[in-house]
Amino acid sequence: QCLYQFLAFVPPSNERLRKPGTASVMVDTQHPLTLLLNSSVGDTDLCKVQYHFGEFGNYSLVVKTLSTSTQTVSCDLIINEGPINSYLPILFAFLVYMGILAILIAGRLLMKIDPVRNWVYKKLNPRATDRMINSELGSPNTTDSINCDPSPHPWSSASRRRLHSLDTFRGLSLVIMVFVNYGGGKYWFFKHESWNGLTVADLVFPWFVFIMGTSIALALGSMLRWGSSKWKVLRKILWRTFVLILLGIIVVNPNYCLGPLSWDNLRIPGVLQRLGFTYLVVAALELLFTRADSGTWEGRFPALQDILPYWPQWLFILVLEAIWLCLTFLLPVPDCPRGYIGPGGIGDFGKYPNCTGGAAGYIDRLLLGEKHMYQHPSSGVTYQTTMPYDPEGILGTINSIVMAFLGLQVPLFLSACILYNSETCCSYYINFTNFLFQGIISAILTKCSKEEGFIPINKNLWSISYVTTTSCFAFTLLLLIYYLVDVKKWWSGAPFLYPGMNSILVYIGHQVFANYFPFKWKMQDSQSHAEHLTQNLIATTLWVVISYILYRRRIFWKI
């Protein structure tokens, strides 16, 4: 439903020289396009062609006049040069990383052979050799600093050991985030969706929020069981919130070489700012209702032991979501239809060019001011919007709180799996059903479509369908990682474990040094997927290596 945009004027043919009029244009290949040919006389439509062009393909639209009296023409699309297979660099990169993984596994297996082990002992320092043998790519039979004791423990003991599946999940999300922020090889599915829809890039931030909620439940419960008072924990929550928001404002306003920072154009929202505020609300909510000696629910419905004791929290979250729905669909926005959640610009046939984001954009412009918002939203690429719009704005923060709260429920699920016997493990199925229910909600809200749903999946708005969809994915992936890493110990979590344990340092570091060598250099062909992918993968891998080195030296940046 985009307004047609002028591409080119085709001059008339030269009948004396029998030379046709030609015009060359470059078009987008991410989406199918509709080319409309208009007559310069009378402004009538001559022909319409719908086609999905391929990358670096060369095409001709040949127009021939069949009847001058009726202005009848024929339009034939001819492929002069077929598009390239732009996905081959991804395949090659995958094979390279699989080769590296195979070498590491082979080296690990060789170290289990006694003659090889003895030779290494002779050549290397015994202490260093021992570290190599017990590396994080080890087998599940080896007990080391990463793998946990496979025998079940009571909750008081389990809380003292770290669930490495959480660090692995966080690290996986962070590695994808770094790769996406560095360019993602210039592939469209590694970029944020212009408006409605979901790409790989749109998954990582909500996953990060989700696992933050999970960590909150585990951390607060552990501190209270160790005897910390709620006032002491609250002071720590407030301090961490302040540091996250401060770091976020510094990171999103880079002015390292341009002189003093201008307060007139200071961007206020951002990723870390949203994480900080979400952390404050969810952590305070959990602190208010959690108990240091939380045991088994003894009410009439033991299957609902992860819901009934915390009904005030659920009520608070439902009220927040009701506020989001009311503001989004009932708040009057000047010069915009009530309940509008479109991209504005040339979207919706250009009827509402200055209504980008509807109520969400209006609230940010009203409370923050246009100069304190993100000036280049992803909607500007496809929909040519001119209004500033911040994807980390005020209204969307409500649903990021909901997302973190859903992550807060995961430890209740894990406790039912590890700590209780099979008779009370019905909580396992109840919690799993909760997340399956979220998938059903997403299907209903979106009508299983990208554009036609009641509330489409939208990362810019952080719509409720976006939250339920990504949380359903997050829970499924976390459950799989938990089973492989902490239950069966078939995988130590490497290499994602390392950035997951130093997430703040890696996130801020990759932002600050994004334009410095060796994370970025001048490319010979800026249109080459292979060059972009190579550069982005090397930069991302370097941060994984840096986090591994810091892990080996036991250097962790905690807030």
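Glycine too: its Cβ is placed from the backbone N, Cα and C atoms.
Copied over from TrEMBL:
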type     : residues : note
TRANSMEM : 90-111   : transmembrane segment
DOMAIN   : 162-282  : domain 'Heparan-alpha-glucosaminide N-acetyltransferase catalytic'
TRANSMEM : 169-189  : transmembrane segment
TRANSMEM : 204-225  : transmembrane segment
TRANSMEM : 237-256  : transmembrane segment
TRANSMEM : 271-289  : transmembrane segment
TRANSMEM : 310-331  : transmembrane segment
TRANSMEM : 393-414  : transmembrane segment
TRANSMEM : 426-444  : transmembrane segment
TRANSMEM : 464-484  : transmembrane segment
TRANSMEM : 496-513  : transmembrane segment
TRANSMEM : 533-551  : transmembrane segment
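DSSP assignment over the domain 'Heparan-alpha-glucosaminide N-acetyltransferase catalytic' (162-282) gives 87 helix, 1 strand, 33 coil.
Scored by C-beta pairs under 8 angstroms, the transmembrane segment (464-484) has its highest count with 204-225, from the stretches 90-111, 204-225, 271-289, 310-331, 496-513. Sequence-distant contacts of the transmembrane segment (169-189) (same chain, six or more residues past either end, CB-CB distance under 8 Å): 30, 86, 89-90, 199-201, 203-205, 207-208, 211, 215, 474, 477-478, 481, 493, 495-501, 503, 506-507, 510-511, 514, 519-520, 529, 532-533, 535-537, 539-540, 543-544, 547. As a quick check, the transmembrane segment (393-414) and the transmembrane segment (90-111) miss the bar of 3 or more Cβ pairs under 8 A, pairs 6 or more apart, so the two do not touch. Taking Cβ pairs closer than 8 Å, the transmembrane segment (310-331) reaches residues 285-286, 289, 338-339, 341, 358-360, 362-363, 395, 398-399, 401-402, 405, 461, 464 in its own chain, all 6 or more past its ends. Sequence-distant contacts of the transmembrane segment (496-513) (same chain, at least 6 residues past either end, Cβ-Cβ under 8 Å): 136, 146, 164, 166-172, 174-175, 177-178, 181-182, 247, 251, 254, 256, 271-272, 519, 539, 543-544, 546-548, 550-551, 555-559.
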